[in-house]
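Pulled from TrEMBL, these are the features on record:
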| type | residues | note |
| --- | --- | --- |
| REGION | 1-27 | region 'Disordered' |
| COMPBIAS | 16-27 | compositional bias 'Polar residues' |
| TRANSMEM | 42-65 | transmembrane segment |
| DOMAIN | 44-481 | domain 'Major facilitator superfamily (MFS) profile' |
| TRANSMEM | 85-105 | transmembrane segment |
| TRANSMEM | 114-131 | transmembrane segment |
| TRANSMEM | 137-156 | transmembrane segment |
| TRANSMEM | 177-197 | transmembrane segment |
| TRANSMEM | 203-224 | transmembrane segment |
| COILED | 248-275 | coiled coil |
| TRANSMEM | 295-319 | transmembrane segment |
| TRANSMEM | 331-350 | transmembrane segment |
| TRANSMEM | 362-383 | transmembrane segment |
| TRANSMEM | 389-413 | transmembrane segment |
| TRANSMEM | 425-446 | transmembrane segment |
| TRANSMEM | 458-477 | transmembrane segment |
| REGION | 493-518 | region 'Disordered' |
Amino acid sequence: MSGKDTAEVEAALTEKQPQSPSKSPTHAVLTQLTRRAAIVQIVTAVVANITIISSGMGIGFPSIAMIELTNSTTSVVLTESDATWFASITSIMCPFGGLLSGYLLDKVGRKKTLYFINIISIVSWAIMSFASRTDSATLFIQLIVARIIIGIAIGLSSTPASVYAAEVAHPNLRGRLTLLTAFCTAIGMLSIYTLGYVFKNDWRFVCMICGIFTIVSLITVIPLPESPSWLVSKKRMPKAERCLKVVRAIKEENHPEIRAELEALEDNIARFRSAQDGKKSKLDQLKKPEVYKPLAIMCTFFFFQQFTGIFVIIVYAASFSIEAGVAIDPFLSAVFVGLTRVVTTVLMSFISDKFGRRPPALFSGFGMASCMFGLAVCAIHPVKGTSLSWIPTVLLVAFIFTATLGFLTLPFSMNAEVYPTKIRGFASGLTIFFGYTMSFIILKIYPSLVETIGNSNVFILFGCLSMLGIAFVYFFLPETKGRTLEDIESHFRGKKQSSPDSKQEVEMKTMLKANEAA
């Protein structure tokens with residue numbers, strides 16, 4: 001290909017890029033603008049997700065406090081029944097937090113919802129920090145109240161930050177940025193497990209540290225721009241334009257890219273603002289295929305997430321390690337669980353962008369099933385005290401590794417992708433309500449299951465459900481990699497989507513690459 005031909009191809013490709021009316025930027029300038037926008041979007045998504053760290057701490061807190069709270073040698077203790085309520089009450093409140101999240105996201109916006117999460121989390125940590133040291137009944141009441149509050153906060157936090165990240169991010173970044181919620185949850189759990197290991201006999205001091213961190217988290221939310229999508233849905237166009245320019249790193253007035261994106265958002269939301277839909281309730285809107293189809297898929301995904309034992313290990317990390325026959329310090333085992341989840345969540349952000357959502361989910365289900373069946377064998381034929389005593393530890397860590405690659409993280413990240421903008425808050429909240437209802441059920445019955453059918457059968461049950469989860473992913477879970485939110489909505493509505501690049505554009509790019517190689 002001649003240099004002239006190459007220039008013509010490059011020019012044809014460049015024409016597809018929106019440009020400022022005042023000048024025609026060079027390829028280098030466009031690259032610089034893209035990088036700047038990516039940095040802004042990453043920073044805003046990270047700041048929004050710092051709020052989630054406190055919720056991760058709240059999820060993992062029973063694991064570090066349970067042993068001391070049920071230890072008969074301490075001055076105040078909980079009964080076995082009280083302890084199970086302490087561990088599971090959070091999950092029964094999370095569904096209500098999920099529903100409240102949907103209301104707040106649509107009513108007051110993404111940013112103010114993050115404010116609310118931080119404020120109530122601070123209250124919860126403060127109550128536990130100063131809980132009674134002399135009266136068991138008073139201690140139980142204080143702990144239950146605090147755990148109810150943090151349960152609402154956890155349910156609330158499962159959606160806003162990932163929705164915010166999905167709405168401000170470019171499609172090429174969205175996969176990684178929506179996984180930030182899972183990553184920050186993992187950071188929170190690793191932090192609480194580590195604090196529990198360092199301060200084994202002082203969970204109140206751990207609560208105080210968590211409270212101070214949450215105050216810092218509240219302060220960091222203040223500079224964030226509001227989601228342009230939400231502002232458009234509220235017809236606040238001037239502010240939507242200002243916020244969109246911030247997250248796209250564009251300063252010029254009336255920039256064609258900004259105008260085009262705002263118009264696309266308005267068109268997407270307009271479908272829910274027709275005269276007929278204006279009279280419909282949220283429940284009526286659930287009858288639309290672009291809503292009820294992803295809702296059914298995501299609720300099923302959350303069912304398999306909970307009933308494959310993932311949250312059982314997270315919440316009962318220390319005691320589960322003992323049940324599984326792990327030979328090391330149970331608090332240190334919990335730290336390994338938290339560390340594995342953090343590292344794997346980082347890895348997942350790259351895997352998700354490269355391989356999409358379905359392949360990692362399939363691998364995740366297979367790995368989880370294998371690990372659970374392996375733990376069942378170890379329970380039937382104990383290896384503790386033998387040269388093979390390391391096997392349960394490896395299987396436990398491997399389970400968290402494979403779970404994080406799919407079934408633990410993907411339901412939360414995809415929950416922010418699959419719903420239409422106008423009803424995204426409500427539908428996401430409804431999904432979280434279902435997911436955490438399942439979480440409460442499994443966390444409350446887990447100790448009884450172990451007592452009734454034994455460790456080995458519980459592990460076999462989790463393994464079998466993991467196998468069913470593989471079938472669900474293979475036949476029903478859609479691929480969202482590389483699709484815009486509008487494309488995903490149209491997919492569920494039944495309209496065919498064009499590929500991200502037209503055939504002509506792909507051919508031109510191929511010609512350019514071939515010429516560069518020559």
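Keep in mind that glycine also has a Cβ here, set from the backbone N, Cα and C atoms.
Curation does not apply to TrEMBL; its annotations are automatic.
Taking Cβ pairs closer than 8 Å, the transmembrane segment (42-65) reaches residues 86-87, 90, 110, 114, 117-118, 121, 124-125, 150-151, 153-154, 157-158, 160-162, 164-165, 168-169, 173, 177, 180-181, 183-189, 191-193, 195-197, 200, 203, 206-207, 210, 213-214, 217-218, 220-221, 223-225, 247, 311, 314-319, 331, 334, 338 in its own chain, all 6 or more past its ends. Non-local neighbours of the transmembrane segment (137-156) in the same chain are 54-55, 58-59, 61, 69, 76, 78, 82, 85-86, 89-101, 104, 113, 116-117, 120-121, 123-125, 127-128, 131, 432-433, 436; each lies 6+ residues outside the stretch with a CB under 8 Å from one of its CB atoms. Counting Cβ pairs closer than 8 Å to the transmembrane segment (85-105), the top stretch among 114-131, 177-197, 331-350, 389-413, 425-446 is 425-446. Through the fold, the transmembrane segment (114-131) approaches residues 48, 51, 54-55, 58, 104, 139, 142-143, 145-147, 149-150, 152-153, 156-157, 160-161, 164, 203-205, 207-208, 210-211, 214-215, 217-218, 221, 224 of its own chain, all at least 6 residues removed from its boundaries and within a Cβ separation under 8 Å. Relative to the transmembrane segment (389-413), the listed stretch 362-383 leads the set 177-197, 295-319, 331-350, 362-383, 425-446 in CB pairs under 8 A.
Per-residue pLDDT, averaged across the coiled coil (248-275), gives 75. By the Cβ criterion (under 8 Å, sequence separation of 6 or more), the transmembrane segment (362-383) is in contact with the transmembrane segment (295-319), since 3+ such pairs are found. The transmembrane segment (425-446) makes contact with the transmembrane segment (295-319): 3 or more of their CB pairs lie within 8 A, with pairs spaced 6 or more apart in sequence.
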